[in-house]
Structure formats: C-alpha cells, structure tokens
Amino acid sequence: MNLRFRRGGAVALAATAIVALPAVAVAADGHHDNTSAARQAIKGGKARNVILLIGDGMGDSEITIARNYQVGANGRLAMDKLPLTGAYTTYAVQKDAPAKPDYVTDSAASGTGWATGHKTYNGAISVLPNEKPVPTILELAKQAGFRTGNVTTAELQDATPAVLGSHVVSRNCKGPASMGDCAVNDKVNGGRGSIAEQMVTSGTDVMLGGGKQYFDQTVKAGKYKGLTVLQQAQVSDYQIITDAAGLSSANAKKPILGTFAPGNMDLEWVGPTPTRTGTAPAKCAVNTARPAAQPHLADMADKAIKVLDKQTRYSRKGFFLQIEGASIDKQDHAANPCGQIGETVAFDAAVKRVLQYQKSHPDTLVVVTADHGHTSQIVESPTMGYTATLITADDADMTISYATADISASQQHTGTQVRIAAGGPQAANVLGVTNQTDLFFTMGRATGVK
Ligand SMILES: [Zn+2]
C-alpha cells in the first residue's frame, strides 16, 4: 500500500494532537514568545502517575528522519510537543575499571542507568559492575503502592523491559534454557533465574510485548520446576493473552501477561534496502506480512493505561508505566530506513495516546527519551556508506546513510547525547544537559520513592 494516504492522515493527526501546552504568545516582531508557556510548564511536587516512553536507539537523527518523512521538515511529531526538552548523556562504564567510561552504551547499561540511577557495563541488567543487583524504579514504585506496567515491541526479555523487572549479569539470559552467560543467576545454582522467570515474579501488573519463545522454556529448579515460565505466570494468577482480541478482552481484575510473538513483534513498514551507490527515490509501504493478530504499540499503550488507571481509581497512589518502541534500534542495526521510520511513527502514536491521557490527568509525569544514539544520518548525496533515498511528506528527496558497518553486518550504536523531553510534575529536571542516571532520580522525586 502506498503511504500517501497514511501520511495525509498523520499530518491531520499532528495538527489536531492534544498538547498540554498553554497558548504561546506572539510577540510584536511576529515570532512566538515562549516565556510564559515555559513558566507555566514548570511544576514541582508529586506525580500521581509516571509514564516513561523510550524510543530505543532514537537519537536526534532518527527523530528528524521520521519527522521529515511523515509530517515534513516543518511539521511536528507528537513527541516534539512536550513542553520541556533537554539532552542527556548515555555512556556506560567499563566492567573492570568502572571509573572509566565506555562511550558507546547498549540498551542494557543505559537502561540500568535510568532504571536504577547507577552506571554499569554493557550487557548488565540492573546489576552493578561488581554484578550485585540494585533496585529498579518499577520495583520501588510497586513497593510504595503504585501499580506498574511494562510495554515493548521487542521480546519482553529484551534489555529495555528487562532492566525494570530483573537482575542478571548478561542480557543474553532470557529464559531458563538460555543461562550460559549467567551461571550465578541460574536457579539451578540458587540464583533468581532467567529474565523471563524474574519478570513473572516481579508481579508487574501489565506486561505486553513479544518473547513467547522464552516464556515457553521450562523452569529447571525451585517451586515451579517442570512448568514453563508461561505456566508459572498462569499459576501466579496472570491472565495470559497472545493476540489483539485477547488484549481487548483482558480485564483489570488480574495482572496481564501479553506475549504476541515468539521473538520481537513484526515491523510496521517496509521499503528499499540501501546500497553503495544509493537507490531511486521511493516511498515506504505498510508491511502486509505483519500478522493482523499482533496489536500495534499504541493499542498496547492504550490498554495498559486503561487497566492501570482502573486499578488505581480508588487508591492513593497511581501507576508507573514504561512503553518502549524497540525496533527503531533494531531496524537501524539492519540499515532499513522504512523499518526504522515505521517504528518511530508507531512509537509517536503511543506518545500521542499518552499525551491525551495526560491532558485529563495533569498529575502525570510524562517523559519521552531514548537510551542511545544510532547510525542513520541524513546526507546530501550517496556517501562512503550505504544509502537509500526516500520521498518525504514535503514531496522532496531525503537520502539516508548507514556507515558504521558493512551492509552484511549490524550497524552500530553511537555515543552521542540524546533528547529527553517531559511534561508534568518534576519535568523541569530534564532541562539542560543531564545524565541518563538522573532520570531515575527525577522519576523518584515525582513518585516519592528512593
Ligand atoms: Zn541496539
């Protein structure tokens, strides 16, 4: 399907997006004066809810590429409309010399940073460089009486969701049969078990994403020995759902584990593969191979918000919810411009849904950020790297270059600072240049948990 129709829809969507911004005054010189809007956007105090949206690998260039393509260079995505914006550094540290930075982080180390407030080594899932576990914002919020949710388009055992609900020495230890790099965490050795097992015992109220293959592995020791992790979840009172119909019929009475694909969920869009000499200008297309039974990220975000809102309607504390657009990163690795843009646009639809909720629930802190930068760049013409040219919403050609690896290998993360934008109580703490570990303390101050 040609995306001109979709693009038109998205332009209308951007124009009508509901934003918690006060009216911007127009100064005598005809340009906007943002002074009073910024002043009004600064709110201290406690938040009832915190919603954190992570665009994995969504550096400034990934945002700009998606904006140009979808709404044009002068258009604005939903994520562009948060009232307060800053930048944060993302570096990891060296495992054997933790005083020294590792300038290019992965999602595990960066996620451990924003989830726990501690820098760690690449591959670590909420453990310190000495491999000791540290509590996460989700665990602390739950202990303090908040409801919790964790939503992703990746496997639920992938680094970003995993850092909230598990502690292992390597991100590879996704299921009980995949513990080769984590002997110390293996249940057989008295550890807490794999990421999949720990995610279930975390008691998170709503978990939605992929990764069914690891939930289908068999627990090797302890109380649930012989059951699959999915059966463990079932006897632990989870509603298990595996498709979009199950997602819409799931209720707020019991915790929900939705696992919608064996691995990562399928891509929204497809398009040209970059080459050394570039491509003819082309448009992206909807991925018709995506199973209709897989919900989209905005559907999962919507359900998580509805369930958590219902569960907290009569309680003093609200909820903490993380929503990840995971395959922005994965398609940047794959040098797939339309794959990457389609995931960024789907993530932005989830941001729009969250901002609608915030409009009627202004005591919600909303943060939109990334965990690290990535390889894609907008360039003038074919480069030393691999390029593809797309026709944007401006009806102009945009050439995108991937140049951190050969096309047959995985493109690499970059060590740049990334955008962090926020609105609601404590949002002013994202202003200026901070560190991804500071986000833990911003969310902690908003919820009153430490
Ligand atoms: Zn990555």
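Glycine residues also receive a Cβ, built from the backbone N, Cα and C atoms like all the rest.
Automatic prediction, not curation, is the source of TrEMBL annotations.
Annotation comment: TrEMBL describes 1-27 as signal peptide. The Zn(2+) binding site annotation in TrEMBL covers D56, D329, H333, D371, H372, H413. Residues or ranges marked as Mg(2+) binding site in TrEMBL: D56, D158, T160, E324. Annotation source TrEMBL lists active site, phosphoserine intermediate at S107. If you look up TrEMBL, you'll see C284-C338 marked as disulfide bond.
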- Query: What recorded positions in E324, D329, C338 place CB under 6 Å from ligand 1?
  - Reply: D329
- Cβ neighbour count (within 10 Å, all chains shown) around D329 (Zn(2+) binding site): 31
- Query: When the number of other CB atoms within 10 A of each residue's CB is tallied over all shown chains, which of the recorded positions S107, T160 has the maximum?
  - Reply: S107
- Give me the Cα-Cα distance between D371 (Zn(2+) binding site) and T160 (Mg(2+) binding site), rounded to a whole Å. 9
- Task: According to DSSP, folded down to helix, strand and coil, what is E324 (Mg(2+) binding site)?
- Result: strand
- Task: Name the secondary structure element type, per DSSP in three states, that contains D371 (Zn(2+) binding site).
- Result: coil
- E324 (Mg(2+) binding site): which of the recorded positions S107, C284, H333, H372, H413 have a C-alpha within 10 angstroms of it? none
- Query: Hey, of D56, S107, D329, H333, C338, H372, which of those recorded positions are within 10 Å of T160 (Mg(2+) binding site), Cα to Cα?
  - Reply: D56, S107
- Between D158 (Mg(2+) binding site) and D56 (Zn(2+) binding site): CA-CA distance (Å): 11
- Looking only at H333, H372, H413, the binding-site residues on record, which one has the least crowded Cβ, with the fewest other Cβ atoms within 10 Å? H333
- Let me know how many other Cβ atoms fall within 10 Å of the Cβ of D158 (Mg(2+) binding site). 29
